[in-house]
Amino acid sequence: MLDRPELSLSAFVADEWRGRRGASRERIGWYMFDWANSPMFQAAAAVLFVFFLSGLADAHANAGSALATCATLGSCVTDRASFVRGDATCTAEDGSPLAVSCRTCVEGNGPMRWAAGERRFEPLALPTVRFLFDVTADTFAGTVIAIASFVQLLVFITCGSWADFGGMRRRGLFASTACACASLLLMLAVVRPALYWLAGLLVVIATVCHGLALVYANAYLPILVDLHPTVAAAEARAREVRTPAAREAAVATRELMEARVSSLGFMVGYAGGFICFAIAGVLLILSSGGLLPPLVAMQIGLAIVGAWWLGFSTLTWRMLGEHPGRPPPPARELLTLGWRSTAALFSRIARLPHTARFMVAWFFLSDTFSVVGGVGNLFAAREFCLSFADVAVLAAMVIIEAVIGNALWLVAQRRLQLTTKTIVTCCSATYALISLWGLIGAIDASPIGLKSRVELFLFATVHGLTVGAVGAFSRALFSELIEIGREGEYFAIYEITDKGSSFLGTFLFPLIGQLTGRRRLGFAYLFGMASVATAILTTVNAREGAKMAGRHAVAASDSEVEPPAKAHP
């Protein structure tokens, strides 16, 4: 059993708030950045981006189409039960079968074509738009996000390591924030569907700059934990007493505080994301009632996210310090510095086996929950014919559950004395199970497998209770496994690994559905990714990995590995 400080979660939060003008001021500023930028995840990336891009592409691709929507010609019975029985149909006002072919949405199957001549539903041939290459309107959003993820790889490698030099961590954080917010506000310039390409370009810029801002923000985490009074006191006592028990207590204290600081940031972020999303959600509900065009509602919603992020980031700017790193190199070397340091970093990671294993596991795991949270909303809307109001409720539910899930895992960690790695492994296994659940639905005869709205909301509940915890505890675990003074380099690799896998998932998940005509087969990909991540995580020894990286200076004194000197003040 680990010797952990007996400080409850509520007491920890209260202490942080009481010290907001003193000892906790800088951490409060860091938490506020999560509050400010999280709507980019909860509202923009999870809902607004995919529906705005898909709506624009669909409107442009179908402009002038002779195939009308069935709702303008008559009424259709397209619930799941009717479709399975074979009596799903479209009828005219007099009750006779609709004599004109049209398109509608069939619950559990998504968009389909009512073939009037055969009096049956058929797969709908989707039109295409051009964005570097031809893509269907159905996959346009996923393609844009995949391109953004690829561009992020290049930007993270080039700019991520800058955070370790001089005061560039703080300046880079706010420069990338300003760029992302400007892109969101410029969404108001997309005034007609033919400008779908401009919306796609702005989404790429906003996504890339948001990811870079997270690199710089996350690089603060291990520094802020090192400076936490509780951690500093435990390490000072361990150096003074020099007993195994004191060293173990110092290591346990730092691990717990790292998890709490990271998790509190995520919880504050999800709370901010929920409030901002609720404001944008009102617009989506108004659009469902016909009071506002859906695309206009999403445009305004994206601008609200940008204004929210920019406004609250001013508090972070006032409260967060620079913590200067090593002297910066000459300006002419900045563009190549990241590539050289990344190559050198990979060679160092090769000598840190537990860090390397976690990075590989993170590649697979982050792809799974990124696809479920991003492309998954579009999948749910198309498969289950959800209105914008339904999607808003679903997304809001996930945000609330993410806060609850984070708090529950923190309580479980303290009461059951679970390690951070154990929690991350449990979350990974959960994603493997719910991916298998979705895959079962590919079997036509199966009565379960995301085939009803009840199952959809149960699936979203499990995802919501897991997604906040997996992000917070993974960030905390990685902070334990990296070298001191190179936080920017390591968190650039952390984001590169995340976005690199997301590039695959956001591209492959819809592509599998497009090639096979069965969207649920994409869950086979997610199940494989989550299963591999879970297996690799079981081989990671976080305590040994922290010693090898020199992160636990007091613990490393018993190790044969010589820890590097601390580089940050």
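Every residue gets a Cβ built from N, Cα and C, even glycine.
Unlike curated entries, TrEMBL annotations are predicted automatically.
Here TrEMBL flags 28-53 (among others) as transmembrane segment.
As annotated by TrEMBL, transmembrane segment applies to 140-160 (among others).
The transmembrane segment feature in TrEMBL is assigned to 172-190 (among others).
The transmembrane segment annotation in TrEMBL covers 196-217 (among others). Residues 30, 33-34, 37, 40, 44-45, 49, 52-53, 56-57, 60, 129-131, 140, 144-145, 147-149, 151-152, 155-156, 159-160, 163, 169-170, 172-173, 176-177, 179-180, 183-184, 186-187, 189-190, 306, 488, 491-492, 494-495, 499 of the same chain sit 6 or more residues outside the transmembrane segment (196-217) yet have a Cβ under 8 Å from a Cβ within it.
Taking Cβ pairs closer than 8 Å, the transmembrane segment (264-285) reaches residues 12-13, 16, 30-32, 34-39, 41-43, 47-48, 221, 292, 294, 297-298, 300-301, 304-305, 308, 312, 388-389, 391-392, 395-396, 399-400, 402-403, 406-407, 468, 471-472, 475 in its own chain, all 6 or more past its ends. According to TrEMBL, the feature transmembrane segment maps to 264-285 (among others).
Look at TrEMBL and you will find 291-310 (among others) tagged as transmembrane segment.
A Cβ distance under 8 Å defines the sequence-distant neighbours of the transmembrane segment (358-379), meaning residues of its chain 6+ beyond its ends; these are 41, 45-47, 49-51, 54, 141-142, 145, 349, 391, 394-395, 398, 424, 427-428, 431-432, 434-435, 463, 466-467, 470-471, 474, 477-478, 481, 493-494, 497-498, 500-502, 504-506, 509-510, 519, 522, 526, 529-530, 532-534, 536-537, 540, 545. Feature annotation from TrEMBL assigns transmembrane segment to 358-379 (among others).
What TrEMBL lists as transmembrane segment is 391-411 (among others).
The transmembrane segment annotation in TrEMBL covers 423-444 (among others).
Summarising the annotation, TrEMBL assigns transmembrane segment to 456-478 (among others).
Beyond the ends of the transmembrane segment (523-542), by six or more residues, the same chain brings 255, 354, 357-358, 360-365, 367-368, 371-372, 419-421, 424-425, 428-429, 431-432, 435-439, 441-442, 477, 480-481, 501, 505, 508-509, 512 to within a C-beta distance below 8 angstroms of the stretch. Under the heading transmembrane segment, TrEMBL lists 523-542 (among others).
The transmembrane segment (28-53) shares more Cβ pairs under 8 Å with 291-310 than with any other stretch in the list 140-160, 172-190, 291-310, 391-411, 456-478. Within its own chain, the transmembrane segment (140-160) has Cβ neighbours under 8 Å at 45, 49-51, 53-54, 57, 129, 131-132, 172, 196, 200, 203-204, 207-208, 211-212, 215, 335, 338-339, 342, 374-375, 378, 488-489, 491-493, 495-496, 499-500, 502-503, 506-507, 509-511, counting only residues six or more beyond its boundaries. Remote same-chain partners of the transmembrane segment (172-190), defined as residues 6 or more beyond its termini with a Cβ less than 8 Å from a stretch Cβ, comprise 33, 37, 40, 44, 52, 56, 159, 162-163, 196, 198-199, 202-203, 205-206, 209-210, 212-213, 216-217, 299-300, 302-303, 305-307, 309-310, 313, 316-317, 320. Within its own chain, the transmembrane segment (391-411) has Cβ neighbours under 8 Å at 9, 42-43, 46-47, 51, 259-260, 263, 266-267, 270-271, 273-274, 277-278, 281, 284-285, 373, 377, 380-381, 423, 456-457, 460-461, 463-469, 472-473, counting only residues six or more beyond its boundaries.
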